[in-house]
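Undergrad: Sending over a structure as structure tokens; questions will come in a sec.
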């Protein structure tokens, strides 16, 4: 139970940065349960945290990352002034680690130049007699280190001796042996003073070159075996009563059952770079040697085939060795430290990166205070998720103490992740609060920095593949639970501490890249699924050929088109450049959305600038898919080809133009990075997905530039002129129709009254439309014109609805009650529009008007205050028109059969056609059905022309149908003409009579 309690407490430690309140004049001193002493000092914009515990440089960087801060660099005046104040206030005078501000970018590099040629000797299988003797007289050795690079013959499975040292009085004085186990791993064992130590240290029998170092120290009895810079086995159970005897014989490739002879356990393969020291090297020395760099310690023997006496079967060859020193040159030559101060300026120097020094972490003052606020909140009132942690860990009080911001081993990290997953499964994802998200992100950061080599490699190496697989699955589940929190509010609440979901992605990349050598030690393929993340790791030996396949997201309807692959030729180039092991890490993120507020936008230069489309902005429009390439466990940049499905919903009048982009962590680093398009290009744009090509590996997505469809300037000018002319003609037609109705003296009826009201509302609306361009110069005038246009066009459609209802009452329901009908019509025609416009102004006055012209804002829901009623009116009137046509056709058929039963079907067809066409021509203008083209005007410029032709001349159509060719108007017009003629004659006669 104690282990569970410790694990539970450790997770609570994640929220702690420092316990005491900050001060401006003195440094706060806090401690943690691990004995780490921290002192915090705040200045105007920066928080400084002095950690008075000595660690290696890499551990200092890891610690600061765990605190959401960074190792101090002292490159800015405010930074070194604040650090100097802190050191003076605490009277701290020892050197401290500082970060080099000139550190290279974190992007992968081209590693082909890191292969060097070494002279080597080859031991062929054709002979068991092959050996090579070192031509050196060895002294007695109280300590010894032997480093050598070996390439094991993959077909040889028997016990082999890499080297043996025999003294005249003791043959098995110092020896390194190896054998192949059932899993095709080569196990190594030392013999010291005749004592055979167990086979434990191992490496894969993959035919590649491996760097092996063995060390022994008499005084302590300590011994160690390093493989490829990692300590794989160690102990102290050796005879330390005497030195290794001198004047012995050192043989490569054979054991010595007698002094200098009787060889029985040959080695088959190749050996190079043998070096012997009369001292016990430590880890930093071995790490430096592993990457082909020299150390300051002078060797007893330096590698040269000329200093060997070899059997005739031994051949000298050239070995191409991977030496990633270019990546680690700065760290291996020394890490930056602050030595002292001179004239108030910092004095920097270099120290061995494995030296133990204190350090200072820096972060923004805002971030530090936000972390403190989150911690205090969690301390006073634990969240539901933290209560789950407490329950699982059997903790009754939410005690929060300090932590060391690092995990000691993979087992420790695995236990923390397992408890976190249990708590997440027991609680709903919506229960995760901002404080919980910070805790889990910090856990991921710490787990990604768990040492897998150097100091804790034995523990890491001995983890079972199943255990590491489970740990990786837990890591992905925890990460998934965080990025699934797509609430902008939650991410904004912790923005001062965490930049966004891409920080989680960065942790996943770092975790898999560091753990892949251990995770892939016994397999060449690994896939991990979660709800929103799919991770796949593939590993191949390039010397045996390669079968690396492409990677696709989960095979669902939405993500089946999300795929990425490395071109075959690029992998072949790696093989030709001498790389041996190729690891490809691919990840798919289904719901990853870097949070932005509605005011924020992805800044991109519009790709369409011909005026046909108006740029609205750029959005993230796909899943995120990534590739990380590792060659011989070192990152390398490669070209990739990928395709992603569009995730934006299609909208009328909106066009999306895809852009291939990647998340650049080095772009705007203070914000965690931003989207970049450098090196990426669109290969093809297909229906619903886009294919891209990028010349590097990272995290990719599609950015969709959003455009509003616009017409060309030429079409806009023509349409504007036609609209103006049409409105003028229409206005004249409406005016003449109204005058005729008054002058001719058409008898008053509900039908003529409805016509007059429609003419008035439509005429005023078109007059306002003609004046709207002049009103756009004034914001107030434009707003008023917009409101009046809305009112009178709504009134026009309301009276069109009344026209339909009246027509229904006259043609379909001829027995409808006529009492008080006109009062209802007036309420519909004028009262309803006033109500709609008033409510719309009251609800959305700020978003009422469009930005560039005097009309309703089509980008908001305001436009529905016009479009909704119009669609309703057109729907009702379409039903009325269909019913009227049916009644008219039925009446025409009955009349045709009664009056002309003997006529041919040809004439009946003509009558029926005219019976259908006549009401359509008469009723379409007043029922407003021609406005249907207005709903479809965004589809084509042709529809826009048709719409203007039908509606801009609506008043002229009304004039022709209801004035010029209306039988009642013509009858009353003829009557008026006769009456006027008679009147004129009477006047003339009267005038002549009085003359």
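Each Cβ is built from the backbone N, Cα and C atoms, and glycine gets one as well.
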Undergrad: Would you please say which range out of 697-717, 823-843 has the annotation transmembrane segment in TrEMBL?
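TA: Spelled out, TrEMBL records transmembrane segment over residues 823-843, not the other listed ranges.
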Undergrad: Where does the mean pLDDT land for the domain 'GAIN-B' (524-710)?
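TA: PLDDT averaged over the stretch: 81.
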Undergrad: Who are the chain neighbours of the transmembrane segment (823-843) in space, where the CB to CB distance is under 8 Å and they lie at least 6 residues beyond its ends?
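TA: Distant Cβ neighbours of the transmembrane segment (823-843) are 750, 753-754, 757, 761, 787, 790-792, 794-795, 798-799, 801-802, 805-806, 862, 865, 869.
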Undergrad: For the transmembrane segment (758-777), find every same-chain residue at least 6 residues outside the stretch whose CB is under 8 Å from a CB in it, and list them.
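TA: 723-724, 727-728, 730-731, 734-735, 737-738, 741, 784-786, 788-789, 792-793, 795-796, 798-800, 802-803, 829, 852-855, 926, 954-955, 958.
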